[in-house]
Structure formats: structure tokens, C-alpha cells
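Everything below concerns the one structure shown next.
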Protein chains: 2
Amino acid sequence: MRLAVVGAGAVGRSVVDLADEYGHEVVAVADSSSAVVADGTGDRDPGVDADAVVARKAERGIVGDADPADALAADYDALVEATPTTLGDAEPGFSHVTTALERDRHAVLANKGPVAERFDDLRAAVADSEGEVRFEATVGGAIPAVSTVEDIEPSHVTAVRGVLNGTANFILTRMAAEGLDYEHVLAEAQDLGVAEADPAFDVDGTDAALKCVILANVLSFGAADDPADAREFTLDDAEVEGIRDVPGSALRLAAEDGQTVRLIGEATGELVRVAPRLVPENGTLAVSGTQNIVQIETSHAGRLNISGRGAGGPETASAVLGDVGRLE
Amino acid sequence: MRLAVVGAGAVGRSVVDLADEYGHEVVAVADSSSAVVADGTGDRDPGVDADAVVARKAERGIVGDADPADALAADYDALVEATPTTLGDAEPGFSHVTTALERDRHAVLANKGPVAERFDDLRAAVADSEGEVRFEATVGGAIPAVSTVEDIEPSHVTAVRGVLNGTANFILTRMAAEGLDYEHVLAEAQDLGVAEADPAFDVDGTDAALKCVILANVLSFGAADDPADAREFTLDDAEVEGIRDVPGSALRLAAEDGQTVRLIGEATGELVRVAPRLVPENGTLAVSGTQNIVQIETSHAGRLNISGRGAGGPETASAVLGDVGRLE
């Protein structure tokens with residue numbers, strides 16, 4: 001497939017880098033201020049030169065000399081939306097996706113905003129288009145949470161829960177292992193680049209909640225006979241508690257009882273909840289460090305556990321390119 | 001889709017029972033000696049009456065008054081092959097599947113024989129047909145091992161390993177937990193119905209090896225640019241060691257070191273191996289009881305772990321019906 005990649009952060013750059021290996025061709029790349037569009041005259045490959053894009057971004061902070069709008073207007077089969085997640089109107093990501101759909105092209109999202117905050121609008125745009133929307137990369141990085149729920153079929157999934165934020169999990173894992181307090185481990189995580197300078201999005205549970213909101217939308221709309229009967233979830237519908245107030249003493253007490261604390265997100269077609277919970281220390285949910293895990297409760301096949309890397313450029317790009325493969 | 005279900009054991013009966021809930025219609029069911037074919041004149045539902053089939057099988061040992069050949073000739077979209085796994089020529093399962101393919105119908109297998117013993121013949125039959133073949137249910141029950149490898153794409157999977165036989169895993173788990181020897185725990189497992197009267201297929205590693213052979217075929221043929229270059233695996237290519245000779249003392253020694261023993265199967269595009277291995281006692285591979293786990297090593301997204309119920313009628317039927325959903 002011919003791909004236009006919008007967003008040139010770690011995920012967008014990895015998609016550009018790996019696309020060829022998955023048998024796809026990148027015909028346009030845009031970041032917020034610049035773009036490059038293949039002119040179709042390349043010697044051997046009519047797509048953009050992936051190495052050159054990545055090098056320009058690193059050296060000059062731009063991906064090319066064209067305008068971002070040119071990338072949106074390029075001749076692609078699927079648009080990859082990998083700009084940063086925004087809340088509320090989920091712009092500019094939402095408009096990027098609807099531009100693709102209006103042109104009857106597909107869209108594959110790594111950006112959580114449009115699926116978490118405007119699922120019903122997105123669904124309506126898909127209904128009017130020949131194009132499809134996929135968004136495996138928005139939940140759990142390399143973990144195939146969305147497609148597995150789709151394969152089982154949402155009406156046969158009663159709940160999805162799991163550890164969906166690697167930063168918060170890293171902090172809780174280190175607090176328990178070293179007997180340290182939150183502030184101390186956060187500083188360490190920031191030094192290691194595992195936590196952002198402003199860690200609020202991760203440690204307050206927002207990121208995990210957005211992923212659970214997306215899963216709740218998949219469950220609710222997927223199980224409804226008529227989409228008009230489905231309940232749309234947004235971040236406002238989620239009950240969210242982060243890990244800032246988990247004291248080191250709570251982890252020590254838990255350990256005495258063979259337990260530990262994890263930031264657990266839960267989604268059904270009825271509710272979204274994220275909060276620190278006690279879980280067995282050697283149990284399935286107690287993944288370590290930046291690992292993520294998703295537990296899918298099914299009607300007929302018991303519980304399915306899927307764990308793996310929940311973030312990272314190549315990991316998330318693999319989920320994007322898996323989605324592109326499913327569109328073919 | 002209209003389904004013909006061949007094989008009326010636990011899996012076949014569960015497919016008949018659950019098909020309607022997944023939006024499909026069973027138009028024919030056969031066991032080895034009898035069949036029922038819908039006459040299309042049912043009052044509300046033109047398919048066969050699932051409850052009546054299951055009741056006749058339980059009460060009279062037959063599924064209906066027709067001949068098995070009538071089910072194979074019925075007007076179905078997909079044939080579900082759920083007869084017992086046979087080795088070598090993999091008959092009669094192989095012929096059931098090719099009959100469907102020759103009629104340009106799809107086939108979904110729960111029977112491991114044709115995919116483990118005659119993958120290349122099967123592939124050739126698919127190449128000449130409008131129908132497709134899917135076989136998620138042959139590996140790991142409810143665990144979506146095959147479809148996840150397909151989504152990642154076989155050329156980006158370097159190896160698949162895991163615990164793929166619940167009976168052997170139950171025995172090793174109990175031996176470690178209770179400090180008992182193999183023979184004692186085997187007798188207990190037979191009493192509980194977890195092990196067969198003749199447990200050879202499970203405890204000698206044959207069942208796990210067949211699953212690994214199937215995964216090796218998926219990896220080998222999926223990664224080859226030209227199928228002529230792919231290596232075909234059969235059970236004869238697998239290096240297999242079972243659990244009969246694992247002494248209780250080995251588990252006690254392992255436990256002193258925080259380890260335990262699991263029957264681990266491994267598949268790449270180059271080899272298939274099954275043998276008892278030391279694994280960390282609280283590690284990911286040390287699933288308990290009849291649970292199964294599959295670890296998928298990827299080129300770009302690290303390691304993915306998927307655990308869940310590796311056997312059971314409804315669990316395996318869910319995998320069959322997930323495959324049917326993917327055919328649409």
C-alpha cells in the first residue's frame with residue numbers, strides 16, 4: 001500500500017523506516033511544519049527516501065521542503081496518523097483522518113485522541129466513506145489488544161483489564177523492589193528517559209484511561225446491534241486515580257502479604273475505571289518495568305492474557321503496519 | 001456463513017452449539033457414521049437444530065439419519081473439520097478439506113493432521129481453489145497463536161515457543177506443588193479426566209510437537225518469497241522428548257533454585273523441538289495447571305506473550321468461529 005505518514009515523532013519515523021520491510025511504500029511524510037511528497041520519479045523506488053527523511057528531521061528539524069497540506073493531498077491508499085494525542089476536539093488528528101476518509105482512503109491511527117474523544121464522529125465519517133479506520137497502535141503498543149477483541153467479537157467479551165502505562169508500571173515496580181518512595185523513583189525514571197519532564201499524563205492515569213476508553217468504545221459499539229444504541233465513551237466518562245499518592249509503605253505492607261500494587265485499567269461496554277490495585281506479587285497482572293498486559297475476559301473461552309512492550313517507536317510502528325496489513 | 005461441521009466430539013458439538021451466537025448457520029453435521037443435513041424448510045431457522053443434534057449424539061450416538069457423505073455434499077460456505085487428529089496421510093480429515101476446496105468452499109480446521117503432516121499438499125489444494133483454509137484452533141485452543149503470527153507477518157517472527165499441552169503441564173505443576181512422582185500424578189490426572197487412559201499423545205510430547213510443526217510451517221511458508229523455497233515440516237522433523245522421565249527429584253532440585261520444569265515447545269522456520277526445560281518458577285513460561293502460553297519473538301516489537309485456555313470444547317470452538325469470522 002501507498003502510505004502517507006503524518007507525524008514524525010518516534011512512531012511516525014519508525015513507520016517510515018519499517019514500511020518497505022512490510023511491503024508498503026511511503027509516498028508522503030509530514031510533521032507539523034513541513035512535508036515531503038514523492039514525485040514518483042525516484043530511480044528504483046517511487047516512494048520517499050526513508051533514510052533522508054529521518055536524517056533531515058534529526059539535522060534540520062524538518063522532514064522536507066513541502067507544506068504539510070501537500071502530504072494530506074498526496075496519492076496514498078492509507079493515511080497513518082501519528083501526531084501527538086490531543087483531548088477534546090482531538091485536533092488536528094481528527095481532521096487528518098476525516099480528510100482521508102472523505103477521499104475514500106483508509107486511516108490508521110497511533111494517535112489516541114480521535115478514537116478516545118470522538119469515537120461516534122469517527123464512526124459516522126467511516127460510514128460515509130469507502131475507507132476504513134484502524135487503531136491497534138493506540139492501545140498497548142505491540143500488544144494486539146484491539147484486533148484480538150475484534151476477532152473474538154466484542155459481544156463475546158465481557159471485560160478487558162490490564163496494565164496499560166509503562167511509566168507508571170516502571171515506577172511501581174521500582175518502588176516495590178527498592179523500598180523507595182514515589183518522588184525518588186520518579187526522578188530516577190526521568191533521568192532514564194522512562195518518564196517525561198511533566199509526567200502527569202502517565203502517573204495521573206490519563207494515558208491508561210484513554211486506552212481503556214478506546215477499548216470501551218470497541219466493546220460498546222461492537223456489541224450493539226444498532227450503533228444508535230451504543231454508549232459512546234470519552235475521557236470524561238472514566239473514573240481515574242493515578243499513582244502519585246501510593247506511599248512506599250503501602251507497597252511494603254502489600255509485599256508482606258505476597259501482593260504488590262499495579263495501576264490497573266478496566267473497560268467494559270458500561271464503564272471505564274483506572275486505579276492502583278493490589279495484585280498477587282507473582283500473578284499474571286504483576287508485569288515488571290515498562291511491560292504492559294491486557295486481560296480479555298470472554299464468554300466462551302475463559303481469560304486470555306497478552307503481555308509485551310506497551311510503547312516504543314518500532315513496537316508501535318509494528319502495530320500500525322499490522323493494521324495496514326489487515327486493510328489489504 | 002453456512003457451515004458444515006464434520007466431527008461431533010467436544011469441539012464439533014461446541015461449534016454447532018455456538019455458531020448461531022456468532023451469526024452463522026449450521027447446515028450440516030456429520031460424525032464418522034451418520035449425518036444431518038438441513039432441508040431448508042425449518043420454521044424459523046433454515047439450519048439444523050443444534051439442540052437436537054447434541055441430544056441425538058448423547059442419546060443415540062448418531063447426529064442424524066443421513067450419510068456422512070451427504071454432509072460433505074451439502075450447500076455450505078465453510079467446512080469445519082473437527083475429526084480426531086490422525087498422522088501420516090492425515091485421513092480422513094485431509095480428504096474432507098480438499099473436497100471443500102475442490103468445490104471452492106472454505107475449510108476451517110480443528111484437526112491438526114492435515115496442517116502438521118501435509119502442509120504442502122494442503123497449500124497446493126488452496127492454490128487451485130477459490131476457498132481458503134484457516135486453522136487457528138489447531139494450536140493452543142483459545143490462544144490466537146496463528147492469527148497473531150500472521151498479523152505480525154511470519155517474516156518478522158524469529159521464533160515461537162511455549163507451553164502447548166495442558167495435560168503435561170498439569171502433571172508437572174502438580175509434581176512440583178505436591179512433591180509427588182510422575183506415575184502418582186498421572187493417575188490423579190486420569191481420575192480427574194485431565195489425562196486420557198492412554199496418555200502417550202500428551203505426555204510423550206507428540207501433541208505439543210504437532211502444534212510446533214504447524215507453527216514452523218506457518219513461519220517457513222509465510223516468510224518464503226517463493227513457496228518452492230520453503231521447508232515443509234512434519235512430525236518426523238521434530239526433536240521430541242516427553243515428561244515420563246522427569247523425576248520428582250528434578251523438580252525439588254529446581255525449586256531450591258527458584259526454578260521449575262515445563263514441557264517447552266519451540267518452532268522457527270528451521271527447526272521444531274519439544275523437551276522438558278528449566279524455567280523460572282515465577283516466570284512467564286511457568287503457567288499453571290492446564291493453561292497454555294505462547295511466546296512470539298518478533299524482529300521489531302520484542303517478545304509477545306499470550307496465555308489462556310489451551311483446550312476445551314467451547315474454547316476451541318471459539319477459535320474455529322473466530323477463523324470463520326476472518327473468512328468473511
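Cβ coordinates are placed from backbone N, Cα and C, and glycine is handled just like the others.
If you look up TrEMBL, you'll see B:K211 marked as active site, proton donor. Residues or ranges marked as NADP(+) binding site by TrEMBL: B:G7, B:A8, B:G9, B:A10, B:V11, B:G12. Annotated NADPH binding site per TrEMBL: B:K112, in sequence order. Under the heading L-homoserine binding site, TrEMBL lists B:E196. The domain 'Homoserine dehydrogenase catalytic' annotation in TrEMBL covers B:152-324. Positions annotated as region 'Disordered' by TrEMBL: B:308-328.
For the recorded positions B:K112, B:K211, the ranking by surrounding Cβ atoms (within 10 Å, all protein chains) places B:K211 first.
Packing against the region 'Disordered' (B:308-328) from elsewhere in the chain are residues 1, 3, 9-11, 13-15, 17-19, 22, 24, 77-78, 80, 82, 106, 108, 110, 132, 134-137, 140-144, 147, 163-166, 290-292: each is 6 or more residues past its ends and has a CB under 8 Å from a CB in it.
Most buried of the binding-site residues B:G7, B:G9, B:G12, judged by other Cβ atoms within 10 Å, is B:G12.
Secondary structure at B:K112 (NADPH binding site), as computed by DSSP, is coil. Each residue in the region 'Disordered' (B:308-328) gets a DSSP state, and the totals come to 15 helix, 2 strand, 4 coil. Confidence annotation: the domain 'Homoserine dehydrogenase catalytic' (B:152-324) carries a mean pLDDT of 96 in the model. Candidate binding-site residues: B:A8, B:A10, B:V11. Fewest other C-beta atoms within 10 angstroms, B:A10.
Highlighted in sequence order, B:V5, B:R13, B:S14, B:V15, B:D31, B:A82, B:T83, B:A110, B:G313 have their Cβ within 8 Å of the centre of the Cβ atoms of B:G7, B:A8, B:G9, B:A10, B:V11, B:G12, the residues recorded for NADP(+), and are not part of that set.
Sequence-distant neighbours of the residue listed as 'L-homoserine binding site' (same chain, 6+ residues apart, CB-CB distance under 8 A): B:T167, B:Q190, B:D202.
When the recorded positions B:G7, B:G9, B:K211 are screened for a Cα within 10 A of the Cα of the residue listed as 'NADPH binding site', the ones that qualify are B:K211.
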